[in-house]
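Peer 1: Relevant sequence annotations retrieved from TrEMBL are reproduced here:
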type	residues	note
DISULFID	C184-C211	disulfide bond
DOMAIN	47-211	domain 'Laminin G'
DOMAIN	212-250	domain 'EGF-like'
DOMAIN	279-465	domain 'Laminin G'
TRANSMEM	507-528	transmembrane segment
Amino acid sequence: RKDTGMLSYKEHLPVSQVVVGDVDRPGSEAKVSVGPVRCQGDRNYWNAASFVTSSSYLHFSTFQAETSADISFYFKTSASDGVFLENLGNTDFIKLELKSATEVSFSFDVGNGPVEIVVRSPNQLNDDQWHRVNAERNVKQASLQVDQLPVEVRKAPTEGHTRLELYSQLYVGAAGGQRGFLGCIRSLRMNGVTLDLEDRAKVTPGVKPGCSGHCTSYGMYCANGGKCVEKYNGYSCDCSRTAYDGPFCIKDVGAFFEEGMWLRYNFHSPGTSMKDLVSRTLLSSTDPETTAPDFNLNKEELSFSFSTTKSPCVLLYISSYTQDFIAVLVKPSGNLQIRYSLGGTKEPSNIDVDYRNMANGQPHTVNITRSGRDIALQVDHYPPTSYSLPTASDIQFNSPKALFLGKVIEIGKIDQDIYKYNTPGFTGCLSRVQFNQIAPLKAALRPTNASSHVHIQGELVESNCGASPLTIPPMSAATDPWHLDSASADFPYHGQAIGDGFNRNSAIIGGVIAVVIFTILCTLVFLIRYMFRHKGTYHTNEAKGAESAESADAAIMNNDPNFTETIDESKKEWLI
């Protein structure tokens with residue numbers, strides 16, 4: 001009934017799967033829990049350096065390996081070749097390199113001519129996973145091992161030189177103008193001594209200490225479900241499992257649909273088994289709750305944006321090999337409707353969205369998530385709303401078959417309302433359509449592995465006319481102060497109406513005009529004062545030389561030689 005234990009050896013890791021049998025009986029179940037991970041051992045085991053350019057390297061003192069050399073390290077890379085390390089002498093040398101994506105080479109020369117040992121792996125070594133290299137050389141033999149592959153051994157000649165004489169520095173990453181290593185190296189041990197790669201990398205351009213990668217710091221920039229892919233000179237965003245495109249998965253992929261045009265995405269294509277298809281596309285292998293018997297769906301995630309001016313129409317329809325279906329419609333009134341038919345009830349379950357007229361030509365976003373009977377719906381910037389399917393309804397979407405955009409062209413019985421809405425079809429824009437891991441519009445407009453699943457009737461023209469969502473959240477009538485029909489609204493003016501034929505709007509307009517006139521008058525007063533203000537200087541007619549003359553009259557006579565004293569007696573001043 002219960003098993004517990006400890007995994008104490010790193011050779012037992014990672015645990016890739018847990019297989020439990022005898023769980024097919026009714027009422028039988030299995031639960032697996034993992035306790036805390038405890039890390040022990042030498043901290044140098046994770047002493048690592050990242051080489052981000054092909055010309056970057058670290059250098060250390062000469063490797064003393066006259067009669068024996070024992071070298072071990074771990075590496076991971078996405079490059080197909082590069083030199084791990086090299087140390088040179090006059091003619092002697094020792095070198096370890098990645099010769100190709102599947103070959104590691106150990107070469108040396110002790111004076112008897114170059115010797116090379118190559119290990120070939122059946123799997124790619126540039127898969128961005130850790131691989132271990134162990135190279136040994138002594139007077140009797142040399143060996144090389146990569147991971148758990150068989151050891152390659154080369155016997156030393158019975159006669160000749162046996163001492164490896166090296167003089168240059170030890171170069172880790174690149175040397176001699178050769179293409180250097182792009183990636184991470186950790187736990188580099190040379191004859192039992194661990195080299196401190198991190199400390200040397202701190203002061204070396206082109207090399208970074210540690211191997212945490214760029215996604216740790218910048219992975220959040222991969223938006224909308226994009227996956228950050230590590231590179232040694234940066235990072236990239238993998239948008240293949242999203243409905244978006246571009247460097248950061250933020251570019252909408254959409255198209256314009258003319259009247260009568262439709263798109264069908266087949267979940268099951270010729271030559272692909274239903275089991276393989278569903279496990280790769282519809283179902284997420286990492287989510288055990290999503291995987292149901294007979295490839296049925298217990299949950300779905302559906303999101304898209306659209307714009308149209310015509311109603312009614314069918315925006316999206318998902319059919320099945322049974323009578324189950326999911327549909328998103330625009331009713332004749334312009335309101336949105338989501339329709340589920342999962343079996344167990346006579347009529348489909350309808351969710352009517354009466355927020356507003358959706359056929360108004362503006363872009364609208366729709367996000368629908370179902371888990372069992374619980375449905376979460378969000379339209380534009382309105383708050384998410386929860387709904388529940390009837391208790392009699394089934395909770396599994398049985399055997400999904402195809403996804404339709406714009407129009408439903410399906411064999412068999414179709415819901416009567418959907419049949420009516422199907423003519424003449426959807427006219428407008430659809431963008432960023434995604435159903436679980438499937439992006440049908442992107443598969444049609446971009447060459448992907450899923451393009452063979454797409455069938456189009458008409459000419460599909462790429463457009464972002466349905467991509468821009470509403471950026472201003474709507475205000476309800478109860479909280480809108482300018483909504484006159486709301487009795488509960490709080491108006492900024494609670495007084496009585498102004499009499500003599502003037503209403504509140506006239507009072508507001510009059511107040512604004514008065515403020516404007518007052519501002520203009522103040523501005524004119526300021527300009528007038530500015531124009532006629534005193535400049536701070538003055539002018540006098542005082543004669544020159546007044547400073548040295550005995551009196552003012554003397555100054556005038558001194559200044560003007562033609563001056564004749566004509567002082568009238570009547571103009572004399574008397575002091576009484």
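Just so you know, glycine gets a Cβ as well, placed from its N, Cα and C.
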Peer 1: When secondary structure is assigned with DSSP, how many helix, strand and coil residues does the domain 'EGF-like' (212-250) contain?
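Peer 2: Split into helix, strand and coil, the domain 'EGF-like' (212-250) gives 7 helix, 12 strand, 20 coil.
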Peer 1: Give me the mean pLDDT over the domain 'Laminin G' (47-211), rounded to a whole number.
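Peer 2: Its mean pLDDT is 89.
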Peer 1: Taking the Cβ of C211 (disulfide bond) as the centre, how many other Cβ atoms fall within a 10 Å radius?
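Peer 2: Around C211 (disulfide bond), other Cβ atoms within 10 Å: 22.
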Peer 1: Within 10 Å of the Cβ of C184 (disulfide bond), how many other Cβ atoms can be counted across all chains shown?
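Peer 2: I count 23 other Cβ atoms within 10 Å of it.
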